[in-house]
Amino acid sequence: MASDGQAFLREVWALQATAYVIVSLRYYQRISTLGWHKLAWDDAFMVLATLVYTAESVAAHFVIAYWKGFANNAMTEEQRAALDPNSEEWRLRVNGSKTHVIGLLLYTTLLWILKACWLVYYFRLTEGIRKMRKLVRYGVIIMPLTYISCLLVAFLKCIPFDHQWQIYPIPPNRCMPAISFIQTIYVMVMNTVTDFYLMAIPIPIVWGSQLPWKKKVRLVIMFSGAFLEMTFGILRCVSILTVGDKDPAQSGYWSVRESFVSFTLTNLPMIYPIIKKYIDKGTTKGSSNMNSHPLGQYPRSAMISSGPRSRPNDTAWDSEEHIVVSSDQKMASSEDGSAKGVEISSDRRTSGARQGGQSGRHIVVTTEVTVQESAAKHDDRMRNIDHF
């Protein structure tokens, strides 16, 4: 039992440290991309979520390190009657039960703060999509109501409230915070229902968009991450209901694990651009090594002007639009200086096949076309999507 407890403590703080790294990457990406002045409400909510998650980890630490995993459950009637109220075990069980109450409130609060982060993010993502924006607005009502209902269950399931750390006489199951059936099941159901609601917002948008199918699949997988969080929630519920009475700390074990998964998934859309950047950098580096050529391979040609238009396809968008004119037109243009930004080159550089083997010299003109979105308010939404 002691070794299991120590292993769990290491797990708690390893997950906590990882969460700090993840949230730091989130703010690095947001601030470096947008600046401080364009941080949104979900960024503020994430600060609060980090504090609550830290407090939950501290509560889990106390349950194991200080209260030895004890609570007011996992005792027979005879053991309860024989336990001295002034004994050390009595103190450990009372304090353990109180800490379980606090931990469960923090666990519930964290999950719903993270749901609020998703909701704010979807407000940005659905900018200009009227039908889906209306669906997001429903969340402004759904999320507070479901959170308040979870709090009401937590505070009203056992009356008077202090019976949640009663040792003797034996309290009913609803007054055992570590294994309370009603609270465990109710929070799991509300969490699952609201997760399904949150997934119903972005997935239809992504699937009905004109994005490339590979990008669609990546986005759908990311926005379906709530299935993983729901899995951990169900595992938590099952473990508490089946073995919780033998191991009172099961509630703390799975609450911390589910909290970490939910915390990570909520930050994933913000840190994915960083992950993708390093993946693309490695891919590009490998590709460039295979396709690179010595500079001396290309002959020097007469350049009328330098810049991105001086070579075919050498523009920011790699335009493949070319205008090939005859030698007479080209020479006339070059003599009066009107051929600015073009290259005069021989057939050895410009393939003769382009003009069916026509000999002579050619002028290659590259046209750059820039399309700017007139509504600046869509920039953040498009930035969120384009990262994928």
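Just so it is clear, glycine is given a Cβ too, placed from its N, Cα and C backbone atoms.
Those TrEMBL annotations? Automatic predictions, nothing curated.
The shown structure was predicted, so the numbers you read here are calculated from the model rather than taken from an experiment.
Taken from TrEMBL, the feature domain 'Rhodopsin' covers 25-277.
According to TrEMBL, the transmembrane segment annotation covers 40-67 (among others). Residues of the same chain lying 6 or more positions beyond the ends of the transmembrane segment (40-67) and with a Cβ under 8 Å from any Cβ of it are 5, 8-9, 12-13, 15-16, 19-20, 23, 26-27, 30, 92-93, 95-96, 99-100, 102-103, 106-107, 109-110, 113-114, 116-118, 120-121, 124, 249, 252-253, 255-256, 259-260, 263, 266-267.
Residues or ranges marked as transmembrane segment in TrEMBL: 101-123 (among others).
Only residues 6 or more beyond the boundaries of the transmembrane segment (135-156), in the same chain, are considered here, and those with a CB under 8 A from a CB of the stretch are 101, 104-105, 108-109, 112, 115-116, 119, 122-123, 126, 182-183, 186-187, 190, 193-194, 197-198, 200-201. Among the features that TrEMBL reports, transmembrane segment is placed at 135-156 (among others).
Beyond the ends of the transmembrane segment (176-198), by six or more residues, the same chain brings 71-73, 96-97, 100-101, 104, 107-108, 111, 115, 118-119, 122, 138-139, 142-143, 146, 149-150, 153-154, 157-158, 164-165, 226, 229-230, 233-234, 236-237, 240-241, 244-245, 248-251 to within a C-beta distance below 8 angstroms of the stretch. Among the features that TrEMBL reports, transmembrane segment is placed at 176-198 (among others).
For the transmembrane segment (219-242), the list of distant contacts is 178-179, 181, 184-185, 188, 191-192, 195-196, 198-199, 202-203, 206-207, 211, 250-251, 253-255, 257-258, 261-262, 265, 268-269, 272, 385, 388: same-chain residues at least six beyond its ends, Cβ to Cβ under 8 Å. The transmembrane segment feature in TrEMBL is assigned to 219-242 (among others).
Per TrEMBL, the feature transmembrane segment maps to 254-275 (among others).
The region 'Disordered' annotation in TrEMBL covers 285-388.
Under the heading compositional bias 'Polar residues', TrEMBL lists 285-294 (among others).
Residues or ranges marked as compositional bias 'Polar residues' by TrEMBL: 326-336 (among others).
Sequence annotations record features per position, and here TrEMBL assigns compositional bias 'Basic and acidic residues' to 375-388.
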